[in-house]
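Asker: Encoded as structure tokens, here's the structure I'll be asking about.
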């Protein structure tokens, strides 16, 4: 087997990155992050989020292909509840309140059940915080037990006593090694799932590394690093080899022959950092104000708990800074540790100009551990204020569940599922989506369907591209999915060239790129009665909250004089196949009668076999 040369380019993206599509015999859309030219995302995130259910179930329908990974992510999200409850007990926090806050959070109900890499970050951070806290608690208990044993056996000359002391120390080392292995695994997987995991893991890792006792602190840090580094290197090597082979830069021949060089290696976290440090790349995704995370995304994700968190940090900033210098696993200093776990990634992520809410999903863990007890409305001081906070928290999260879980882009996947059931078994089709999120092409479960994602392109450009796609379809059916607020405008733009026939409407669907025009609806709903106006307004908004699926056909141009002359000449040359207009009039009692079979054959040559029958 010939080894791949370092200068060779990666194989075709469809061949290398379409593994799921090859397995299911369908086409998939390859995101730009997974481009084999400069991959910035590791395959480990795909394998963790959707690989297992897809590879095991081989879904036969769009609904199952969508539900299986989400069900798997929902099961993974339960580990967040387990880890948060255990951390709360270790820190002396109310575990029940923490679980209630998690259960009512739309972050857990919506985002954590989707195949986001940020949801995996949330799960991994909760596990990392639990492992580090358990390691510290276990090492503290073991150190106390060892000290008691040393005091009890001090001065003893019996061999059995020395053996007991040696066994106690060996047990401490074994427990420390197990915890170090777990920390290494979580850290390595988290970095390859999403390199920003380092920012969220920084506070727990520093807390774990540098928490020690007296003069032995330096030895303790060295001992933990000595155990972590080799395990981390082994895991990193395994993940890098997997990514390099799946992206097509490395082969088994390179490994067997020992010809692996840096040109064969794909290091996705490094590529991720190189891409994101360039301001031009981030600007292409949208620039945000530096305080967007703090003033918008934190309250949006965490509701009243987020507002309480920001207010508490402002009021106690000096106290938190002082406690950061003396971390310990007691209630008096656990606030400093959790505050660092919240503030450090928030500040660092705010330096990047592109700031989306989902980037902050892992912060749910420290926020809940810190402030879930504020949702206690039991009798006591500030009872009415606490009741208001509880009501605001659950009402806000219920509204966000409806918006992000059902309404926002809610028609995309039902439209794909409907197309998957309605498309003919063979012959293929062309599907166009405009002003929606990227449609998951894999839900069509077809390899002969061509899908075009026009994103948020201007409507004149959409009309032009739709005309080109329809003209090149070669008789295959063409479908367009478009938000309802744009229906009239696109119909007017394509009236002369295309016929858009609505086939189905999917409600509810909201595209921020094509939001309902409330002013236009209100203008159309001017009524004498306030009740009638309100009813009209609600109905108009409801009609605009739709994703419309059109069947697109080309408009046949009107026949010219030359076309009519050519048709008349053809009838003259073959009079036996063409009935004249006089013969047609004589063959039926009125103009509404069916034309003669010969005339029907000439008008519909595609049905020649049927007509002959």
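Any Cβ shown, glycine's included, is placed from N, Cα and C.
TrEMBL annotations: computationally assigned, not manually curated.
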Asker: With TrEMBL as the source, which of 228-248, 249-269, 270-290 is set down as transmembrane segment?
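Answerer: Of 228-248, 249-269, 270-290, TrEMBL gives transmembrane segment for 228-248.
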Asker: Among 506-559, 560-613, indicate the range for which TrEMBL gives the feature region 'Disordered'.
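Answerer: When 506-559, 560-613 are checked in TrEMBL, region 'Disordered' belongs to 560-613.
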Asker: Pick from 157-179, 295-317, 364-386: which range does TrEMBL record as transmembrane segment?
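Answerer: It is 295-317 that TrEMBL describes as transmembrane segment.
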Asker: TrEMBL lists transmembrane segment for one of the ranges 183-208, 417-442, 443-468; which is that range?
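Answerer: Based on what TrEMBL states, transmembrane segment spans 183-208.
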Asker: Look at every Cβ pair spanning the transmembrane segment (295-317) and the transmembrane segment (183-208), keep those 6 or more apart in sequence, and say whether at least 3 of them are under 8 Å.
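Answerer: No, these stretches are not in contact.
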Asker: Excluding the flanking five residues on each side, which residues at least 6 beyond the ends of the transmembrane segment (183-208) place their CB within less than 8 Å of a CB in that stretch?
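Answerer: Here the qualifying positions are 42, 44-45, 48, 117-118, 120-121, 124-125, 127-129, 131-132, 135-136, 224, 227-228, 231-232, 235-236, 239, 243, 268-269, 272-273, 327, 337, 340-341, 344-345, 348-349, 359, 362-363.
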